[in-house]
Amino acid sequence: TFCKRVRANDRDYNEKFQYASNCIMTSKYNIITFLPVNLFEQFQEVANTYFLFLLILQLIPQISSLSWFTTIVPLVLVLSITAVKDATDDYFRHKSDNQVNNRQSQVLIGGILQKEKWMNVRVGDIIKLENNQFVAADLLLLSSSEPHGLCYIETAELDGETNMKVRQSLSVTSELGDPNNLAQFDGEVVCEPPNNKLDRFCGTLYWKDCKYPLSNQNMLLRGCVLRNTESCYGLVIFAGPDTKLMQNSGRTKFKRTSIDRLMNTLVLWIFGFLVCMGVILAIGNAVWEKEVGALFQSFLPWDPPVDNFLFSAFLSFWSYVIILNTVVPISLYVSVEVIRLGHSYFINWDRRMFCSRSNTAAEARTTTLNEELGQVEYIFSDKTGTLTQNIMTFNKCSINGHTYGEEQHMARVQALDFSAWNPLAARDFCFYDQSLLDAVMEGEPAVHEFFRVLSLCHTVMSEEKSEGELLYKAQSPDEGALVTAARNFGFVFRSRTPGTVTTQELGKAVTYTLLAILDFNNIRKRMSVIVRNPEGRIRLYCKGADTVLFERLHSCNHELMNVTSDHLNEYAGDGLRTLAVAYRDLSEEQWEEWSEHFRGADKATDCRDDRLAAAYEEIEQDMMLLGATAIEDKLQEGVPETIAILSLANIKIWVLTGDKQETAVNIGYSCKMLTDDMTEIFIVNGHTVQSVREELRYNGDVCPSKCPPPQAPPPSLLESISGEFALIISGHSLAHALEADMEREFLETACACRAVICCRVTPLQKALVVELVKRHKKAVTLAIGDGANDVSMIKTAHIGVGISGQEGIQAVLASDYSFSQFRFLQRLLLVHGRWSYLRMCRFLCYFFYKNFAFTMVHFWFGFFCGFSAQTVYDQYFITLYNIVYTSLPVLAMGIFDQDVPEQRSLEYPKLYEPGQLNLLFNKREFFICIAQGIYTSVVLFFIPYGVLSHATQSNGVPLADYQTFAVTTATALVIVVSVQIALDTGYWTAINHFFIWGSLGTYFTILFAMHSSILFNIFPKQFHFLGDAHNTLGQPVVWLTIALATVICIAPVLAFRFLKLDLKPQLSDTKKRKPGASGSTLGRLGRGGSRRSGYAFAHQEGFGELITSGKNMRLSSLALATFASRHSSSWIDTLQKVILNSFNISQYTVFTFFYELNESFFI
């Protein structure tokens, strides 16, 4: 339903609808809202609310045994640090928003072009764009400097594609190129409301009592860049947050790790445990006050307002809640933030994740998700720009039964130098097989005809910027690679008109009459051209999928077809994209008869497409096979190895792409996600709910939920992930599979497969697939992409990773982590992620242990002090215990600890599995930690209590006093927890040594300082333990007591760990001691098994008709048809001279520049 109305050049009319302005705002706060909103967000954390509640209790003198500053100082510190971090992040968002909002654009106001900031552009304005400018808003293209209202755009910010795409204005507005004419334009557009569908637009233009349908082909979306077009004008339809770019960005979701969620649960449990202890001690207080305390009322009355034992118990309960609150100290949350910040800096500083080519370092854009990187089970990846470079290279070919290009992978082989004998050769084209160049020189007819097909059968446009400098505008990168290959081997496509194609064949200009283009589509899987050469011979040239072409060959091609099939089989095994090439000679009579049928089908008003398909089928028969091409869709460096290693770490990788099925499957084989050794590859391609359900059920019956484990260790890393099942599903089938009654069936089938590839999916479907796995599998998900069409997926996943580089920055801006190469993902997860998870788990286990050991001593002491809420330690020790005495050692462990070196983490991906299974910190581990802490507290209280109650000094004075007991217990506690962290530390650095032993030294220094006469003389009411440290620690029996308590606390831990290491060692225990590297070396694997077509072609339907109509051609291009005499001198002599020295050639870097001249789906 159309519900948006926009009238050109009429701001007053459009403002009635209160459309969004073009000002964008991705920030969360402003100066006024920052403090209340940020505090509100922070107090949504259970722990912060808990500590605020304790602070309020400590302000009540009747129940507080501790000073209020013991809680308010760390609470304010935590809130301040978090607020500063949030404010800094939001400042950069404001800065980015201002930079975009203050860009300049030319707006037509009152018939005059005026410069306006982007934020001031309004819906209904007409703006002018110039070459290489960003599109300011979603525009309806009105006119262009190009012929027929065409303009070319780059959509890297939207879909990661760097190829050019073509957009065309309506013919009725294409002549409004003058500002005066555009100022008079008062058309009204009625269209769909704002949405996030990048590939679709529905609307109608009403102008001069006529209406004209509008489609996505007429739209320029915000984030695109105008390329190769001098200027154009557009009408603003959607602005600011209503644009499709911003609609896909969505709101930033607050992501939390599974450890954070568990911590919230544990805090509630601990609070419940705290209440239980308070209730027990309060009941004890009531009993004691009734039975014993009543006897002392005459000389030790209750303090007002206490007037009975029940009220005394009530106040005692709250007093113990305050005293025992250190089981979860606020310093825990400060330490967690510091550790996460340190882990983020390690990622930023990692030189092995730095790409020197693009000068891009890895960046942790958030500090809250690092440990979640060590728990990932599902990776959802885009294809183009993420797994691939979006660069096609001509690698191999088969011509007349001979295969060429085998030498290109050999070491020390230089690329052929074409420039010495071919002045029109592309300098960046690389080929390594000298024998193909020899065949061209020797004039082999099949080789010449092969390259002639490549130079004629295409829809590429050519532009000659200067003498001999050709620039190809290819509608698909595949075509660009093939035409460039023909160009370098001497068959140069120079120019075209609607009726001719001009080439230069080995130095001789040849003009062919273009009789017909039989256009490509996804059903035909082939395209053909019919041309007449200068001698008058008519020939059809065809290229397409081998499975389609082989069915249409003449019977005499059987032997050649078998040989070529073997070559295609080999190319497909190497992951190359293949096309078969054929031709057919036509007589004049055959052409005339067929052209009549073709013209009739072309002019048909009903079933035109079916009639054209039948006409094409009629002529594309009895063809003669020439050979096949093999193009490499260049993967990002290290993609197959990365996928193999991640698979061995039990991480499942799903590819979600907007590309066609053939292309996606081809890349699946290239990066070894799919292999020919797999038991079966399921393809779900149904168009109805019932057909999709049947296909899923059939696949679910065939595919078991679990595959049997391998009986023997795999011989190589890549071979270890072969076999089993894969699922390939198209976008229209996925739409049905994601419905509520079928999603579980789809998920069960997909999760039982080794690899899943979803083709032709929309950005919304990408997000829905991620959400489905999050909701039902309860597993940590990671999404990685490079374009705006990946933003929804990146924000939906637990962890979002953006690929930075030439494809735009929208994915990076929405991501949690970013880097420039997919291969860095294995280091991010297996090294940084695994270490972050390990360190955080060890940190939490130790932290809960040491605080339960510290706090529970108060609980036991309550039974010996009349349940009076008296503390064991002085308040300064309580304040400094978590801030000074034990904070730095556990921080050092949380930041620097390792179980195995980084190289072992990469060599043994199975080390990653404990994080996926959440083995290192869970409810069971938590209870073990607090049990050890409680045991330690029992030893630390009762051993000193038992010894000191009967001990005396050397002069006979008893040691059984409160102050001596407090110092002895505190000293034993600090020593025990220091020895424990020394045992827990797996990777010692100078920092660990300094912090652990330095903290012990700091404790004794502060202890003697606080018990000195100097502080007592200055603050007599604050420091009561005058000289007690010197007296207590000077007694040998005290040190024997401390030593005994330490041994009793630590001995069981040592015994348990030695037994566990000997009887049930973990994988990390065995690998850290194993000498030498035993990791497998990854390489390209050959392919065995049954015949598989490597066909893939990124071409789009409809461009042939655009060429034959001449709409996309400039006058300069048409004039080039007369240049036949240019470069008429033969190259043969030059070629014969150069070929003798052809082995002394230089190597060039592969680079191909393409222009895609038709609408592309999301890739």
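Note that Cβ sites are derived from N, Cα and C of the backbone, with glycine treated the same way.
TrEMBL annotations:
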BINDING   D382, T384, D786, D790  Mg(2+) binding site
BINDING   D382, K383, T384, E479, F520, K543, R577, T657, G658, D659, R760, K766, N789, D790  ATP binding site
DOMAIN    6-72  domain 'P-type ATPase N-terminal'
REGION    1068-1091  region 'Disordered'
TRANSMEM  50-79  transmembrane segment
TRANSMEM  266-288  transmembrane segment
TRANSMEM  308-334  transmembrane segment
TRANSMEM  843-864  transmembrane segment
TRANSMEM  876-896  transmembrane segment
TRANSMEM  926-945  transmembrane segment
TRANSMEM  965-983  transmembrane segment
TRANSMEM  995-1018  transmembrane segment
TRANSMEM  1038-1059  transmembrane segment
Counting only residues 6+ away from its ends, which parts of the chain sit with a Cβ under 8 Å from the transmembrane segment (876-896)?
66-67, 69-70, 74, 326, 329, 331-332, 335, 338-339, 342-343, 839-840, 842-843, 846-847, 850-851, 854, 970, 974, 977-978, 981, 984-985, 987, 989, 991-992, 995-996, 998-999, 1002-1003, 1006, 1010
Counting Cβ atoms within 10 Å across all protein chains shown, which of the binding-site residues R577, R760 comes out on top?
R577
Sort out for me which stretch, of 266-288, 308-334, 965-983, 995-1018, has the most Cβ pairs below 8 angstroms to the transmembrane segment (1038-1059).
965-983
State the count of C-beta atoms found within 10 angstroms of the C-beta of D382 (Mg(2+) binding site), not counting that atom itself.
31
What does the DSSP secondary structure composition of the domain 'P-type ATPase N-terminal' (6-72) look like, as residue counts for helix, strand and coil?
31 helix, 2 strand, 34 coil
Hey, which of the binding-site residues T384, N789 is the loneliest by Cβ count within 10 Å?
T384
How many Å separate the Cα atoms of R760 (ATP binding site) and D790 (Mg(2+) binding site)?
13
Mind computing the max CA-CA distance among D382, K383, T384, E479, F520, K543, R577, T657, G658, D659, R760, K766, N789, D790, which the record assigns to ATP binding, rounded to whole Å?
33
Could you check which of these binding-site residues, R577, G658, N789, sit within 10 Å of T384 (Mg(2+) binding site), going Cα to Cα?
G658
Work out how many Å separate D790 (Mg(2+) binding site) and G658 (ATP binding site) at their Cα atoms, rounded off.
10
Number of Cβ atoms other than its own within 10 Å, given for F520 (ATP binding site):
25
What average pLDDT is reported by the model for the domain 'P-type ATPase N-terminal' (6-72)?
84
Other than its close neighbours in sequence, what residues sit by the transmembrane segment (995-1018), given a CB gap under 8 Å and a spacing of at least six beyond its ends?
874, 876, 880, 884-889, 891-892, 967, 970-971, 974-975, 978, 981-982, 985, 1025-1030
Give me the CA-CA distance between R577 (ATP binding site) and D382 (Mg(2+) binding site), in Å, as a whole number.
19
How far is it from D382 (Mg(2+) binding site) to G658 (ATP binding site), counting Cα to Cα, in Å?
8
Once the chains shown are all counted, how many other Cβ atoms turn up within 10 Å of the Cβ of D786 (Mg(2+) binding site)?
35
